[in-house]
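According to TrEMBL, the protein carries these features:
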- B:1-31: region 'Disordered' (REGION)
- B:53-73: transmembrane segment (TRANSMEM)
- B:93-113: transmembrane segment (TRANSMEM)
- B:134-160: transmembrane segment (TRANSMEM)
- B:172-195: transmembrane segment (TRANSMEM)
- B:202-222: transmembrane segment (TRANSMEM)
- B:249-273: transmembrane segment (TRANSMEM)
Amino acid sequence: MITLRGLTKRYGETVAVDGLTCDIKAGRVTGFLGPNGAGKSTTMRMILGLDHPTRGRALIAGLPYASLRRPLRAVGAMLDARAVHPARSGRTHLVAQARANGIPVRRVDEVLEAVGLAKAARRPAGTYSLGMSGRLGVAGALLGDPPVLVLDEPVNGLDPDGVRWIRRLVRNQAAEGRTVFLSSHLMSEMQLTADHLVVIGRGRLLSDTSMAEFLAAASPASARAVVPDPGERATLVRRLMAAEGVSVGTTESGELTVEGRTAAEIGDLAHHCRVRLHRLSDVRVSLEEAYMDLTARSVEYATGGSGSTAGTPGATVAQHQGEAP
Amino acid sequence: MTEPTTTSGRRTDALRAVRGTPDPGTPGGGTPGGFAGAVACEWTKLWSVRSPYLCLLAGLVITGVFTFYYASIARINDHPVEPAGNAVASSAVLAQFAVVILATVAVTSEYATGSVRASLLWVPRRHRVQAAKALVVAVVSFAAGVVYAVVGTAVAWGAFDGRASFDAGTTLRQALSVGLYLALVAALAVGTAFATRHPAGALSILVTLLWGLPSVLLGVGGPDLAAVNDYLPHGAGDHFMRSGVEAPYAPVSATLIVVAWAGVAHLAGLYVLRGRDA
């Protein structure tokens, strides 16, 4: 478990991280979201003892990172995949890492094999593609078989196969009871990967909640239904509109868009009125929409005026219909 | 990308299969790691790039050329007979920069590539990172100094052609002294490099301290300036490396002066390394 208590980082007048308090618990994947400059990387660096907090504490299993004797066996971290000496081979990089923490060198070859870098292991790291550097970073994080993983943008530069691999990997790690804390800008990917979300904006905690609750909070119950018979459709609309707080829209193709009712409630009502339905589904807001909605007011680097980055909740990407993670 | 085309599923399976037996006890606990681990890590990092080999080779070439030149001048100008090892002691004024550059680059290349953050993740106690790097570089420099001394003495012995004396005990003591001096200036360089984080800044300071200032002080001349030079690292080092020449203080004091310089550099480096964010 990672514990943040009033974690604060100031750079002169600028407050990068402002009184962050939350627990990142074991056994689940916690996604770390926030706009650029919100303080995500600074927070991760403070957790890992690279940056000194101005105030507050960041603890791993109750200890500051710097007091871990063999930190790689306690925490696996990947911050900047490119921060490797370009002339050193990927394998030697990991061997040095292993020796620092008393990890047997054979473990290096195991993780290289596991991340799919075995063939490139003896090439200079400077020749690696961004995706290969990412895999080397993940190999380093896994090296000590740690109970806690901290990954900053792990899917950055990976191909679709690699993205799927990371997703399965972190979900497996969490299923084994490990703590996984990862940041990403890919909302669709985060939606498939994370169980829990920590969202910050301008260095402050905006949300610390489960994925399901986060999505539910952003979208009131709504559903779509297709009623083939015009007469029955009119009946259903009348019965739906009879209740407070329900609005119904109709498309030309005869599809109803119902706000204020779930698919289950509409299904029950249709059954009660003997109305035939051809299709019925809940409309779920995507993580991207929910996230944009939440951070619209705290985006620091919005692309001025175009509204493409923020401020227009629901402007992008269709409903989430992806596979279960 | 030249990655193997295994499916993600197989990779995951492989990962699960290879996971070793978990470490009992508290996470992060256990026997190895610590300072020994940090030293092993620094040793691996040092030899995994080309620059140390080039630096050490350059130092050997410099020593060979310098000692040949020194001994030839002594022979041609009929200098008084002196221990052959003094040629090597003199060559240290240049050869020291082989290990100074080796030590500086070992630190500043980590800042240039960002890999210093990895080093601090692997060994989060910052004084331990610095001490391990200094120790590794110092040991390498000591060995290099002894080798330089043996080779340099042999080269000089030939070039002196009788204008030098040879005594196994003196030569051995001088070889160890040269090793010790190079080890100490290498450690001095590590501290300086951690304090500046940039090769240009570190080498400016080190070249000034180890070569520029002594040249000015001795070039301008006079007993007062020479006395000042006696307390600079190379001035003091020269006094314990050279044999059969009068010195203002005992070899032990000379050594302690160089140790003190290295210590000050390390305190400065540690102050920066601890205080600043990585």
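Each residue, glycine too, has its Cβ placed from N, Cα and C.
Since this is a predicted model, take the numbers as computed values, not measurements.
Listed by sequence, the residues of this chain that lie at least six past the ends of the transmembrane segment (B:202-222) yet keep a Cβ under 8 A from its Cβ atoms are 93, 96-97, 100-101, 104, 107-108, 185, 188-189, 192-193, 195-196, 228-229, 232-235, 261. Long-range neighbours of the transmembrane segment (B:134-160) within the same chain, counting only residues 6 or more positions beyond its ends whose Cβ lies under 8 Å from a Cβ of the stretch, are 39, 42-43, 46, 52, 56, 59-60, 63-64, 66-68, 70-72, 74-75, 84-85, 87-88, 91-92, 95, 98-99, 102-103, 106, 166, 171, 174-176, 178-187, 189-191, 266.
Sequence-distant contacts of the transmembrane segment (B:93-113) (same chain, six or more residues past either end, CB-CB distance under 8 Å): 42, 45-46, 49, 51-52, 55-56, 58-60, 62-63, 66, 119, 133, 137, 140-141, 144-145, 148, 181-182, 185-190, 192-194, 196-199, 202-203, 206-207, 210-211, 214, 234, 237-238. Long-range contacts of the transmembrane segment (B:249-273) within the same chain: residues 126-127, 129-130, 134, 177, 180-181, 184-185, 187-197, 209, 230-233, 236-237, 239-240, each at least 6 residues beyond the stretch ends and with a Cβ under 8 Å from a Cβ of the stretch.
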